[in-house]
Amino acid sequence: MDNNIVLEFKNIYKEYPGVHALKDVSFELRKGEVHALVGENGAGKSTLIKTCSGAISPTSGTVVVNGNEFSNLTPLASRENGIGVIYQEFNLVKEMSVAENIFLGRALRNGIVIDKKAMNEKTVELFRQLGIKIDPNVLVKNLTTGYQQMVEIAKAISMESKILIMDEPSASLTNRELDALFQIIRKLKNEGVAIIYISHRLDEIFEVTDRVSVMRDGELITTIDTADSSRDELVRLMVGRELKETFPEREVKKDNEIILEVDHLSGNGLTDVSFNVRKGEILGLGGLIGAGRTEFAQILFGVAHATGGSIRLRDEKLEIKSPSDAIEKGIALVPEDRKQQGVLLHMSIQDNITMPILKRISKYSVINRKKEKEIIEKYKNSLRIKTPSTEQLVNNLSGGNQQKVVLAKWLAAEPDIIVFDEPTRGIDVGAKQEIYAIMDNLAKEGKTLIMISSEMEELIGVSDRIVVLAEGRVTGELQKEEFNQESILKYASMS
Amino acid sequence: MKNTTFFQKYGIVVVLAGLIVFFTIMSPAFLTVDNLFNVARQVSMIGITSVGMMFVMLTGGIDLSVGSVLAFVNVVCAYFMVKMNMNPWAACLLCMVISAGFGFLNGVIITKWRVPPIISSMGFMNILSGLAFIISGGLPIYGFDPNFTIMGQGYISIIPIPVIIMIGIFILGWFILNKTYFGRYFYAIGGNEEAAKLAGINVISTKQMVYMLSGIFASLAGIIMLSRLNSGQPTTGTGFEFEVIIAVVLGGVSVNGGSGRIFGVVIGVLIMGILSNGLVLMNVNDYVQDVVQGIVLVIAVGFDCVSKAKSESKLKESVKNKGNAVSA
């Protein structure tokens, strides 16, 4: 059997200050197998992949490729040893043709002239082998994401990769494209290529993989034959852990009035989404990345627009064209990407806090400084933003304190409904607890909270009720007493 | 804790002081009250226009049309007064309104059609200077009410009136940037347009406003220019936009938007004035002056970019170090 091992991770550790991203991970990939790597977000899958693509080097441990042992694999050595990685984000030049992309950086030449004809012929040949039907002359920008994915795969294969790593290749594919992908995978497998297949969709794993390895909290829990396993077992393995964090005790108010009614909402990636939110409730939105949760928040906040259906606020149809409309209606959004969307890094804490209400506290366009100061002090103190001065640039604050600035900014606007998109992403444990306490208090004060979270513990711990989305549709709703990780994951991976 | 070094903050003042010392030594005529007022009067048009340019650049844009606005207003205002016998006040006001309209249109094209500011304003640069030639037929227009010359040539006590107007505009600029809500929006938009939009700022109308203000300030400079020259000429204002941009950038306004103080722009404008005045007093010829100006611009912008890159890499370091530290 040993001769068949093409790639082996030996006792890999990767430590970042305060975090063990990978703990003693050992894993082997055999020739001609399709090996699934599964785990929740943040389980360490991508980090592990990066140690063999050469993007990062492990703190300790080695990677063995074709019998060569590396403690620090470089991207070049990785490629030279036949490892091809297909990332979620494509590395294609959109303004170039398909063939030019396939041969990017190693264009076929005739003297100093690029030999377009030869490249096209080779591309056609490659596509024929893979059963891909794409015109090599088409510009990549004119292809759908699914076809771009195919080109990316073909590119990796054309480099004669013996080991192919696919990081969520199906995320942007339609069902038909997915079938084509599976055919390619089977073909490659028959030719002896070893494939690591990362996916959140359990159906695919059972359809196309031979073995499956489960990762959790930076550790490799187990490797089993796919055929001997079941969906339920995989889900249990993926989530099987105790809740580590404590969440505020919440009293669920089931008979509060319905404040927000989402009615057959479509557009911006959503299809026929309906649910209600009650006053004083924390509604959790569960699902995978791209399931339509952030997309819903975008529509509610006026960043994107619906093509069908409606949202009703207190029985009144909402017409929101821009974030300023949303703010006026009492809606706030704590966005997913804090540094890019949440705060103005180059401005001071105080400038950030009053930005949405500046107009409100101005008379004849002149800002009422006294009022501004009062508001800044009030929210700085109530949220306990740790800083020597509110004139400090937000850039210089920790993630947790930056998030508090975002919260302060929205609380100052006195909204009724606050959407939290991944409220504690990249925030340390201590600050997380504070954010949870703040959220709990807000709900108790009668504010309505909608929380989008990819962290299972957080979703279960904080929410009063959970609506799960998958591929732009609502696939399930759970009351507090029905919360469990298995059913949420099951709904989330429905398609 | 602020990401600015001493030199970034005060370097420009040091440069100004250095220039003053240098020219004082090189030319006895330099450091006299008369000459200094002379410098101030010479830069007044750049100074007035620089405030509008600064607003535009704070939002991350640029306005290349200001020089042509100057020429256009020069000709059109003269035309109104001489050929149409319009009251000078009415003519000035009408010119400012027309310029505001062009500025607004420029802003609309930039925000609604998403044409890059450099291209859109370049278009307006050509349109306005072309119109100035068409209206004037390429010839100067003169023969105004003698009272009209007061604006550009008069004094209040010993201070030239254009200088007083410039000071007024600087104070207005300071007021807008520091006291009004929309002034703060300029900084927010230039630093991060997406976050600004998500904070409820109407990015589109704010941007349209800055281009409109830029047009208004440039037209005011054009009126002063007309009053000084006493004749409307379509060739005035050639290269003026670059002098304004250099002054603003020298003053520490980031070319990428989001940061800059009015005080810095005042110093930047003074440097421009002293540089050209001092070189003239030293009998350096015009072409060499152009070379010196160009060098000053490149060094100033280069300095801004290098120091920014440094503070950014520092920032990354600190983020890395803080990385996952427990609690803040």
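Cβ from N, Cα, C; glycine included.
As annotated in TrEMBL, transmembrane segment covers the listed stretch B:123-143 rather than the other ranges in B:123-143, B:186-206. Note on the transmembrane segment (B:210-229): residues 44-46, 48-49, 51-53, 55-56, 58-59, 61, 63, 65-66, 69-74, 77-78, 92, 95-96, 98-104, 106-107, 110, 121, 148-153, 162, 165, 169, 186, 236-237 of its chain, located 6 or more positions outside it, place their CB under 8 angstroms from a CB of the stretch. Using a Cβ-Cβ cut-off under 8 Å and counting only residues 6 or more beyond its ends in the same chain, the transmembrane segment (B:123-143) has close neighbours at 64-65, 67-69, 71-72, 74-76, 78-79, 82-83, 102, 105-106, 109, 230-234, 237, 241. Within its own chain, the transmembrane segment (B:12-33) is flanked in space by residues 158, 250-252, 264, 267-268, 270-271, 274-275, 277-278, 281-282, which lie at least six positions past its ends and keep a Cβ under 8 Å from the stretch. The transmembrane segment (B:235-255) makes contact with the transmembrane segment (B:262-281): 3 or more of their CB pairs lie within 8 A, with pairs spaced 6 or more apart in sequence.
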